[in-house]
């Protein structure tokens, strides 16, 4: 009677309804599979950091299954090693493999003979903005036609978005962020400013170029998932060290394209073509004069020098320094440099033994305040900075 009255009072007060729950058989809590198959790396970070904002930092660990790197703030550029004695057994480590007692081993096949496994989607590779996810479809059988164990596996990819408005910037160069981490370390006794460099034969390998010397740093590591493969096309993305060819609608190997203004499946009606033929009378005493300001977010930039009596250079208005000038490290007839979130290509010719810039092109958008400067070239030699 007392129990019924208490329950009646609870219903009337609309409180403490949890007391009406029936006890759960503890056997229902037993895991039928290793715990790592239930808790992904982000969720393991949540437990270790006591923060639901934290997330796993992919591609940082040196020893798979033995280290767990987490970002407490959720930013993948601020990572700490949280665990160095083994991930949860069952945590996916490689295609068809999972962690077991700190080692990455083949995932066992069930005794029933066949199994189809669709893994959960990986966490979105970025905290904010467009990122990537992947999952694995695996078909396993204990015996194939040649009486040997067999496994077939394919991967699925998709575009994802995670937004935290207090941390997000829609105009960030993800590859440049990864290279800038090396600015803190000396190489051969000096500090360098490292610019991103795209190896078109292996675009998902992280390579950086020294602004001081022009030398290339090959870290022999992959770029983070969600890094665009190229600056010429923002849609193909690097996932698990491979360049996945998304189209602008996020379809793998799709055919949707952007117009010249970057509008997906656009027809160019919002584009405005700007053509300027600039003529200036510049004396030797004028030095480098600003003759044109590049529009912010300009695309399809194409600058050509017609006169052979002048020099041209691109000038960063914010940092008050030249990006392309007559520099010793601009060797070769064609030079690529990444500035302002786009890749500039500089064509040079030899004039009296000194390289002279004759054209500058970039796909854009140019994210920054940029000016075109020109000066009169001396008859005997070109000016240097």
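Keep in mind that glycine also has a Cβ here, set from the backbone N, Cα and C atoms.
Annotation comment: TrEMBL describes 18, 21 as Ca(2+) 1 binding site. The Ca(2+) 2 binding site annotation in TrEMBL covers 21. Per TrEMBL, disulfide bond is recorded for 45-70, 65-99, 93-104, 124-160. The annotation domain 'ADAMTS cysteine-rich' is assigned in TrEMBL to 35-105.
Features as recorded by TrEMBL, highlighted on the structure.
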| residue | record | Cβ neighbours (10 Å) |
| --- | --- | --- |
| 45 | disulfide bond | 26 |
| 65 | disulfide bond | 23 |
| 70 | disulfide bond | 25 |
| 93 | disulfide bond | 19 |
| 99 | disulfide bond | 22 |
| 104 | disulfide bond | 17 |
| 124 | disulfide bond | 21 |
| 160 | disulfide bond | 17 |
For the domain 'ADAMTS cysteine-rich' (35-105), residues assigned helix / strand / coil by DSSP: 12 helix, 20 strand, 39 coil
Across the domain 'ADAMTS cysteine-rich' (35-105), average pLDDT on the 0 to 100 scale: 81
Listed disulfide-bonded residues 45, 65, 160, filtered to Cα within 10 Å of residue 93 (disulfide bond): 65
Rounded inter-Cα distance in Å - residue 70 (disulfide bond), residue 99 (disulfide bond): 18
Cα proximity to residue 104 (disulfide bond), best match among disulfide-bonded residues 45, 65, 124: 65
Nearest recorded site to residue 124 (disulfide bond) by CA-CA distance, among disulfide-bonded residues 45, 65, 99: 45
Spatial separation of residue 45 (disulfide bond) from residue 160 (disulfide bond) - C-alpha basis, Å: 20
